[in-house]
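Enquirer: The structure that follows is given in the form of structure tokens.
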Amino acid sequence: MSSLHIEIDPASGFCFGVVKAVEAAETALENNDILYCLGDIVHNNMEVERLEKRGLRSIADIALQSKVSKKVLIRAHGEPPATYQKAKDLGLQLIDATCPVVLKLQKRIKNSWMELKEKNGQVVIYGKAGHAEVVGLLGQTENEAIVIESMDEIEKIDLSKATHLYAQTTKSIDEFKRISSYLKENISAQVEFKSYDTVCRQVAGRLPKLVLFAQKHDVMVFVGGKKSSNARMLFAKCLEANRCSYFVSDVDELKKEWFSPAIRSVGISGATSTPPWLMENVARQIKMITKDK
């Protein structure tokens, strides 16, 4: 199989928010042996392990290390207001690497919530309950916003109340549109309904590019972290475009039988949390396991 063509999707890999957070961590570690990060810096175990070797440590609670270090990194997903208050109370210095897109969304949701409180209205967030970004968004509403992950949870929404709809930045734009259309048609005509498509344009723009990339290859290998919502969403689209698509988190999950002698091209893509170096490792490993075919 010497003629096997292996291509890495040029539109894949870290989004600018994750790049900003990783660069902030690496810069801080140049002057510190250890740096604490509130939660995993990205939903990719391989990148987390790489940064752990340089001194990055993930913590679940900002108070747990307040006696050890006075610096804490806030990752791209953002944090609720309570985290900032707790850091202030503990005298901690925050390195805030919240993605600018997420930061803007937090402010918009807070403004909507304050406006709708006067009307007995509700903020609805299309997102994954418990996801770090969604926890930060919920915090802008004192945890009063309603979170739904799909149309299957639409019954959580009171159709008699004024409603502002937002989206977690890394969710599917197609499902957001379905939810928005349903609410527009079914919410009481007597109340206000506003829909804000806040899916990140960098994320949304990857979908059509990924579909085209997947369709032009015989086999697709999608590289992503098992905890990444964005990876799951993008892989689902990849699988729709190419049934010979496989999900891996590291090179040791590649299987030789995926690459039969009839295969002429392999595409490699990844999520917004997938480091480019990991996709390059996957490409090298595919070359290794197919060299005798």
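If you go along the chain as it appears here, the first residue is 1 and each next one adds 1.
Every residue, even glycine, has its Cβ placed from backbone N, Cα and C.
Annotated active site, proton donor per TrEMBL: Glu133, in sequence order. Here TrEMBL flags Cys15, Cys99, Cys200 as [4Fe-4S] cluster binding site. Residues or ranges marked as isopentenyl diphosphate binding site in TrEMBL: His43, His77, His131, Ser228, Ser229, Asn230, Ser273. Look at TrEMBL and you will find His43, His77, His131, Ser228, Ser229, Asn230, Ser273 tagged as dimethylallyl diphosphate binding site. Annotation source TrEMBL lists (2E)-4-hydroxy-3-methylbut-2-enyl diphosphate binding site at His43, His77, His131, Thr169, Ser228, Ser229, Asn230, Ser273.
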Enquirer: Looking only at C-alpha atoms, tell me how far Ser273 (isopentenyl diphosphate binding site) is from the residue listed as 'active site, proton donor', rounded to the nearest Å.
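Expert: If we compare the Cα positions of Ser273 (isopentenyl diphosphate binding site) and the residue listed as 'active site, proton donor', the gap is 14 Å.
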Enquirer: Of Cys15, His77, Thr169, Cys200, which is closest to the residue listed as 'active site, proton donor' if I measure between C-alpha atoms? They're all binding-site residues.
Expert: His77
Enquirer: Can you list, in sequence order, the residues of the same chain other than His43, His77, His131, Thr169, Ser228, Ser229, Asn230, Ser273 whose CB lies within 8 Å of the CB centroid of the (2E)-4-hydroxy-3-methylbut-2-enyl diphosphate site?
Expert: Ala132, Glu133, Thr170, Lys227, Ala231, Ala271, Thr272
Enquirer: Fewest other Cβ atoms within 10 Å: which of the binding-site residues His77, His131 wins that one? Let me know.
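Expert: Counting other Cβ atoms within 10 Å of each of the binding-site residues His77, His131, the minimum falls on His131.
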Enquirer: Starting from the Cβ of Thr169 ((2E)-4-hydroxy-3-methylbut-2-enyl diphosphate binding site), draw a 10 Å sphere and report how many other Cβ atoms land inside it.
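Expert: Other Cβ atoms found within 10 Å: 27.
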Enquirer: Which of these binding-site residues has the least crowded Cβ, counting other Cβ atoms within 10 Å: Cys15, Cys99, Cys200?
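Expert: Counting other Cβ atoms within 10 Å of each of the binding-site residues Cys15, Cys99, Cys200 gives the minimum at Cys15.
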Enquirer: By a simple count, how many Cβ atoms lie within 10 Å of the Cβ of the residue listed as 'active site, proton donor', its own Cβ left out?
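Expert: Step by step: centre on the Cβ of the residue listed as 'active site, proton donor', count other Cβ atoms within 10 Å, giving 26.
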Enquirer: Hey, does DSSP put Glu133 (active site, proton donor) in a helix, a strand, or just coil?
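Expert: Assignment for Glu133 (active site, proton donor) reads helix.
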Enquirer: Other than Cys15, Cys99, Cys200, which residues of the chain come within 8 Å of the [4Fe-4S] cluster site, judged by Cβ distance to the Cβ centroid of those residues?
Expert: Phe16, Gly17, Val18, Ala76, Val101, Val102, Thr169, Thr170, Gln202, Val203, Thr272
Enquirer: Within 10 angstroms of the C-beta of His43 (isopentenyl diphosphate binding site), what count of other C-beta atoms is obtained when all protein chains are considered?
Expert: 27
Enquirer: Tell me, how many other CB atoms lie within 10 A of the CB of Asn230 (isopentenyl diphosphate binding site), whichever protein chain they belong to?
Expert: 25
Enquirer: Please list, in sequence order, the residues in the chain of Ser228 (isopentenyl diphosphate binding site) that are at least six apart in sequence and whose C-beta is under 8 Å away from its C-beta.
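Expert: Correct list: Val42, His43, Asn44, Ala271, Thr272, Ser273, Thr274.
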